[in-house]
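Annotated in TrEMBL:
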- 57-61, 129-135, Y140, D158, A261, G322, H373, D438: (6S)-NADPHX binding site (BINDING)
- N58, D125, S161: K(+) binding site (BINDING)
- K408, D409, H410, F411, T412, G437: AMP binding site (BINDING)
- 9-216: domain 'YjeF N-terminal' (DOMAIN)
- 226-497: domain 'YjeF C-terminal' (DOMAIN)
Amino acid sequence: MKIFNSSQIRKADAYTIAHEPVTELKLMERAAEACAKWLEDEIPRETVFYIFCGSGNNGGDGLALARLLCHNGLSTHVFVGESNEQASEARSVNFQRLAEHPEIAVHQLEDAVELDFEANSVLVDALFGTGLNREIDGKYAELINFLNELPFRRISIDVPSGLFADRLIKENATVFTAHDTLSFQFWKQSFLHPETGAFCGNVHILDIGLHKNFVESEPSNRFVTDDAVIFQLYKPRSPFTHKGKLGKTRIIAGSYGKMGAAVLAVKAAVHCGSGLTVIEAPECGNEILQTSCPEAMFELNGDQYATAFLINENESVGVGPGLGTNPDTAKAFLKFLQDCTQPMVIDADALNIIASNPDSLKMIPKDSILTPHPKEFERLFGSTANSYERVDLAQKMAAELGVTIVLKDHFTQICLPDGSVYYNTTGNAGMAKGGSGDVLLGIITSLLAQKYEPAQAAIFGVWLHGKAGDFAMQKSSVEAMLPTDLISELGSVFKCLSEKKGQIH
Ligand SMILES: NC(=O)C1=CN([C@@H]2O[C@H](COP(=O)(O)OP(=O)(O)OC[C@H]3O[C@@H](n4cnc5c(N)ncnc54)[C@H](OP(=O)(O)O)[C@@H]3O)[C@@H](O)[C@H]2O)[C@@H](O)CC1
Ligand SMILES: [K+]
């Protein structure tokens, strides 16, 4: 799914109105119907809805929603400001149509502070959407601050009021803090970055039928990895295949005291479908690795830490977890980096060694995949003021170096050599635990061995990793789930994928 900025969203709106064609009023009705359906499906019927409507079309959506909810027998209050007369025609019509339902209580926005809210209230924010053009202050800020303190579920229509769709907000800016955001048609960039996404709660993208021609032809180099992308990428296994056709994965990982990282990476590679898997590690890991993952072959690269790296043709290499940064390991790794021509997956200590030897950045084989967390990214490419600047820098460096950079985050960003960025939306806070990154390296390297193109392996691998994490969380909790649980759930994720793919084709 493409990510559009505010002005592109406005263009999508106008294009749909002109070319479907459909009136602005009808499009607003579709948006309100989508919200009403979601609310009726998800929120208990005995709820009392308090809908706060601004002076633009976001407010118009709120007014139409109030009418639809009331029409379906739900108890509804509406709050409006004084500037109703300046509104768009669609919003004005929806304001007038409130009269069809005299049972809707209409209040002034400033009266909210005096009101006795019912115990079973839900607050709906239709104050500002993609048309927000400055920070919120004055009476709107007072209202939003008041609503944020009330002990009720808060739901935003399209965008939490106070957030811009496509840029950062000032620290301490006033924003409606939603538990859920019902947004139209597209993810907005601000939902996907920690500084702004934290205001959105759970994001639900509602299809309001914006024109396909516009969506297809309007350029964007930012995407969200959605199910359509994944179904296209996933290659089901042929029944006539054999292990020789499913690639050879080499995981180079582990040192004394950090052999767990190697275990996790190699197990993940095996569980992700690699035909043959080799773990290259120092002697101290031999017994641990052969016992914990008998499916993988062991090859030696040192005693307590790696001192020499083996180069083999026709293998996909994932290097870094638990490797350590001993000077002998660093020297051997830099030589390996120079001699290798095949794309590889690089993580953890291997990234730290590169960061300490900045000249080595240009030795990274083209199409390799780097998987830094924010601190590793900073060591490699320098510090940035915020996550928006970080993704811009990652996008630039990926294109410059001809590599894929997987910038680990709540919504991990996969920056491809062609300058595009894919945001991943699977995964959860339970994965913020030592070992998760080792699992990711194993998954991506395994996909690379199975002849997924590097960019595909990165996009699909990050999605799989997050999805397995979501399955693990359902069985456990964000606190207790382990990276090991995530490996165990890879099977269920593939099962779902192959069943769904089978239904489509
Ligand atoms: N995209 C689509 O396809 C569809 C979009 N739809 C909906 O339309 C929404 C976009 O509507 P929109 O463009 O009318 O803008 P919106 O967010 O309501 O606010 C603009 C108003 O707010 C004001 N204002 C701005 N900042 C302010 C501030 N800080 N403090 C105070 N005032 C401020 C500004 O007035 P100004 O003072 O700048 O003249 C203006 O009056 C979109 O989010 C979605 O909900 C659906 O109906 C159908 C399909
Ligand atoms: K809103």
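Placed from the backbone N, Cα and C atoms, the Cβ positions cover glycine too.
Because the structure is a prediction, the values reported are computed rather than measured.
Sequence features annotated in TrEMBL and their locations in the structure.
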| residue | record | CB count, 10 Å |
| --- | --- | --- |
| N57 | (6S)-NADPHX binding site | 23 |
| N58 | K(+) binding site | 25 |
| G60 | (6S)-NADPHX binding site | 29 |
| D125 | K(+) binding site | 31 |
| Y140 | (6S)-NADPHX binding site | 19 |
| S161 | K(+) binding site | 26 |
| K408 | AMP binding site | 23 |
| D409 | AMP binding site | 20 |
| H410 | AMP binding site | 18 |
| G437 | AMP binding site | 25 |
Subject >> Cβ-Cβ distance under 8 Å to F411 (AMP binding site), same chain, at least six residues away >> reply: L192, H193, G197, Y423, N424, T425
Subject >> C-alpha spacing of D125 (K(+) binding site) relative to G437 (AMP binding site), in angstrom >> reply: 38
Subject >> Number of other Cβ atoms within 10 Å of the Cβ of G322 ((6S)-NADPHX binding site) across all protein chains >> reply: 25
**OP:** Just the binding-site residues from N57, D125, T130, N133 whose C-beta lies under 6 Å from any atom of ligand 1, please, or none if there are none.
**Re:** N57, T130, N133
Original post:
When you measure from each Cβ to the nearest atom of ligand 2, which of the binding-site residues N57, N58, N133, Y140, G322, F411 fall under 6 angstroms?
Top reply: N58
Original post:
Here are the binding-site residues: T130, N133, T412. Which has the lowest count of other Cβ atoms within 10 Å?
Top reply: N133
Subject >> Integer Cα-Cα distance in angstrom, T412 (AMP binding site) to N133 ((6S)-NADPHX binding site) >> reply: 28
Subject >> Inter-residue Cα distance where the pair is D125 (K(+) binding site) and H410 (AMP binding site), in Å >> reply: 25
**OP:** Average the pLDDT scores across the domain 'YjeF N-terminal' (9-216) and report the rounded value.
**Re:** 96
**OP:** List the other residues in this chain whose Cβ sits within 8 Å of the Cβ centroid of the AMP site residues K408, D409, H410, F411, T412, G437, in sequence order.
**Re:** H373, L407, Q413, N424, G427, V462
**OP:** Go through the binding-site residues N58, K408, D409 and tell me which ones have a CA within 10 A of the CA of T130 ((6S)-NADPHX binding site).
**Re:** N58
**OP:** Work out how many Å separate Y140 ((6S)-NADPHX binding site) and D409 (AMP binding site) at their Cα atoms, rounded off.
**Re:** 32
